[in-house]
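*Asks:* If you scroll down you'll find the structure; I have some questions about it.
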Amino acid sequence: MSSSDPIEIVVLGDRTRRVLRSVILSLISVIGTLGSAQGQPERRHPDVLMVVLLLIGTIALYWLRTHPVAVLWTTATTTLIYMLREYPWGPVVIAFVIAVFTVIRLGHRLAGWAGLIALYVGHVGGRIILGINADGVYQVLLVGACFCVLGFLAELFRAHRDRVMAATKTRREEELRRAGEERLRIAQELHDVVAHHISLINVQASTALHLSDRQPEQAIPALAAIKDASKEALVELRSIVGVLRQSGESAPRQPVAGLDHLDHLVTRTGRAGLEVHKIIHGNPRPLPTGLDRAAFRIIQESLTNVVRHAKATSATVRVQYGEQALVLQIDDNGDSVTAQPIEGNGISGMRERATALGGTLTANRTPAGGFRITATLPL
């Protein structure tokens with residue numbers, strides 16, 4: 001194989017891994033116990049039953065993931081019989097230790113501690129029946145201490161696993177929340193861009209159709225406005241799509257629409273037959289990108305609603321640069337009966353934009369019979 005050839009990585013299936021684990025643990029348990037028996041002449045001599053008990057415990061680990069509690073009691077039973085028959089000490093408890101760790105780590109805490117206590121009580125009871133000597137008392141205390149350490153270590157592993165799972169769940173929920181917010185932001189951007197330009201195109205197309213037969217020369221400005229509106233819509237849509245295609249958090253390649261585009265918005269809306277007056281209070285100054293974009297979109301959506309729903313002939317856009325907040329007010333002279341409803345028509349989207357910045361947005365009818373949008377965005 002040449003140095004440029006890719007390295008093949010063999011991935012074992014779950015069943016294969018479980019079989020290998022049982023085989024390896026069986027070999028370790030049997031060979032290790034037979035080896036340690038050479039230095040324990042006082043213990044019972046190894047026989048077939050000893051080997052069978054060891055194999056039952058290690059082979060049962062194959063089903064540990066699917067039937068953890070049943071495997072725990074199986075290993076506890078074989079270990080207890082092994083200990084009461086006084087076979088040589090060795091890696092006899094390896095299967096039981098693995099079972100206890102897994103059961104407690106998987107959340108079966110009661111079953112895990114019950115298995116530990118049952119094995120210890122059975123061991124002590126058996127030693128009492130068989131007669132405890134000085135060495136036996138020491139052995140009982142040692143086994144009890146080892147079981148306590150085993151249980152607490154298993155609890156530590158379980159607590160660590162729970163913390164990791166909780167952190168992973170929190171991270172995933174945060175990722176889903178951010179993804180949802182990003183989808184909402186993109187949907188709002190697309191809605192604002194498409195709704196505004198399509199509304200202008202619709203108004204101008206209606207005008208062009210009305211004038212095409214009797215006064216075709218007067219339909220030309222309306223057609224030109226349609227061309228300009230569609231071109232601007234394509235530019236803004238491409239800008240949004242371009243940002244989506246960029247990797248990471250790099251800045252967009254095209255400037256984001258903000259209040260510096262307000263004059264152009266007023267002119268463009270005027271072509272649809274709505275006379276728009278712009279009034280600025282305070283000293284205009286650079287704003288944070290998010291706030292600047294939200295302010296522009298709120299004004300754009302408000303004017304779009306006026307064109308589509310208010311049956312108004314004029315609108316007034318007031319922008320007040322305060323020390324603590326930027327205040328937007330958009331009024332129209334539409335009919336109070338046919339004016340926009342309090343909710344709907346993009347108002348909820350505008351309110352969400354304001355709320356996301358810690359601000360407020362209200363929509364009310366004016367005493368003169370028109371409609372008013374007021375947004376307060378903290379600086």
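Note: Cβ is positioned from N, Cα and C throughout, glycine not excepted.
Whatever TrEMBL says is automated annotation, not expert-curated.
TrEMBL feature annotations, pasted as is:
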- 19-36: transmembrane segment (TRANSMEM)
- 48-64: transmembrane segment (TRANSMEM)
- 87-104: transmembrane segment (TRANSMEM)
- 111-130: transmembrane segment (TRANSMEM)
- 136-157: transmembrane segment (TRANSMEM)
- 293-379: domain 'Histidine kinase/HSP90-like ATPase' (DOMAIN)
*Asks:* For the transmembrane segment (48-64), could you work out the same-chain residues 6 or more beyond its ends whose Cβ comes under 8 Å from its Cβ atoms?
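*Replies:* Distant Cβ neighbours of the transmembrane segment (48-64) are 18-19, 21-22, 25-26, 29-30, 33, 70-71, 74-75, 78-79, 81-82, 85, 87, 92, 94-96, 98-99, 102.
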*Asks:* Where does the mean pLDDT land for the domain 'Histidine kinase/HSP90-like ATPase' (293-379)?
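*Replies:* 82, rounded to a whole number.
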*Asks:* Taking helix as H, G and I and strand as E and B in DSSP, count the residues of the domain 'Histidine kinase/HSP90-like ATPase' (293-379) in helix, strand and coil.
*Replies:* 28 helix, 30 strand, 29 coil
*Asks:* Let me spell it out: take the transmembrane segment (87-104), skip the flanking residues so only those 6+ beyond its ends count, and list any with a Cβ under 8 Å from a Cβ in it.
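*Replies:* Distant Cβ neighbours of the transmembrane segment (87-104) are 25, 28-29, 32-37, 40, 43-44, 46, 50, 53-54, 57-58, 60-61, 64-65, 68-69, 71-72, 75-76, 78-79, 111-113, 115-116, 119, 150-151, 153-155, 157-158.
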